[in-house]
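Student: Mind having a look at this structure? Questions to follow.
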2 protein chains.
Amino acid sequence: MSTRTAPGPRERLLRAAQDLTYRHGMGVGVDAVLKEANVARRSLYEHFGGKDGLLAEVLRRSTDEDEARYRQTMNAAGQDPRDRLLAVFDELARVIDAPDFRGCRYLAADLALPDPAHPGHAVTRDYRDRVRRLLEHELVALGHPRPGHAAAQLLLLVDGLLAAGATRQGTDPAAATRELAEHVIDTRAPGVSR
Amino acid sequence: MSTRTAPGPRERLLRAAQDLTYRHGMGVGVDAVLKEANVARRSLYEHFGGKDGLLAEVLRRSTDEDEARYRQTMNAAGQDPRDRLLAVFDELARVIDAPDFRGCRYLAADLALPDPAHPGHAVTRDYRDRVRRLLEHELVALGHPRPGHAAAQLLLLVDGLLAAGATRQGTDPAAATRELAEHVIDTRAPGVSR
DNA sequence: CGACGAGTAGATCAACCGGTCGATATGGCG
DNA sequence: CGCCATATCGACCGGTTGATCTACTCGTCG
């Protein structure tokens, strides 16, 4: 019963789909996923009801992994909320510098799925809210005067950084982002724009 | 010879593709474009060599339009570089509030085209650079100590705002962005994070 | 007039799309 | 052992993809 038993078809499907959707986008064919996972066509429909169900589950699992990564990045940075927040941006700098970085999964999913009723959208919306709360929690601990507002700003910086990283502009976007993040975090008086 | 002559097949193809790719993504079928444009199949291949060529040309034409829009937004704001820069963000606030806003075309294209050799990528890269130079020019006129750096930061805010607008987070992202943009523009001493 | 180029209409192609279905292998239990 | 439920398999479905090709129409200009 160990977790080291050979993963079943469901698990293999999820892993293959997670990999292929990230590398080739949401448009990957079911055939490609099945081939990569070495799973029969029918099993996909038994487990997930169809391609949409598989994609939604892939997104859901990814959000859990990524949220956990945010948490452990922050925990590794110590107890000071300021350090914990900035550690997130340092980690993102590493992420976008990875040679196989292909942009934010969730933004790509939202932009690639034209149907607003697709179950994937609910997953990405929930994910963004979880991350926002994570940031807001640290800002509250820091005694920030407008934690909700600042959290929204930090999330905006995260989105911008991931977008910039995906589109590979020459100037190092991570440093510029970190600078703005520090400003957001260190703003102690509300409404002061300069 | 007036521009009011009925547009030819090439023009109709571009308009239809521009509209359909924005609404349904880069994955739209050639058939759908042909039907919308009321153009024979062969004409597409005569004029653009294939779907990729059509998409690249659609992107190129869009960048020209959008760059012109940036310019006229800034010109309408007067001569003060600060006003001209902030006008861009006010305009973006309007853009993302439009009911049919579906995210940034170019970011969507970059994320949706897995092949890094696709001609569309060169177009989006060039566009981003043109906008960056546009912003940098105003920052220079403003006497900003690090115009290149600040332009990269503003571009990052633009990307973040467009991403946030596309994913519809509850809190109004435009106001938060404008606040950060003001900070970037008004930073007069280099290296000062607060 | 007649030749020409651009455009249209549509058949055809191999590849692929997402989805359905009967057959089969496997494993627990009487 | 025999039996059955379940999980998995892979052939098959109709439709669509992007692309190529032939045949026809039409307006223009020499």
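FYI, residue positions are counted from 1 along the chain as it appears here.
Glycine is treated like the rest: Cβ placed from N, Cα and C.
Pasting the relevant annotations from TrEMBL:
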| type | residues | note |
| --- | --- | --- |
| DOMAIN | A:7-66 | domain 'HTH tetR-type' |
| DNA_BIND | A:29-48 | DNA-binding region |
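Please situate the listed features within the shown structure.
Tutor: If one looks beyond the DNA-binding region (A:29-48) by at least 6 residues along the same chain, the residues whose Cβ comes under 8 Å of a Cβ in the stretch are 9-10, 12-13, 15-17, 19-20, 54, 57.
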Student: Across the domain 'HTH tetR-type' (A:7-66), what does the pLDDT come to on average, as a whole number?
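Tutor: Mean pLDDT for the domain 'HTH tetR-type' (A:7-66): 94.
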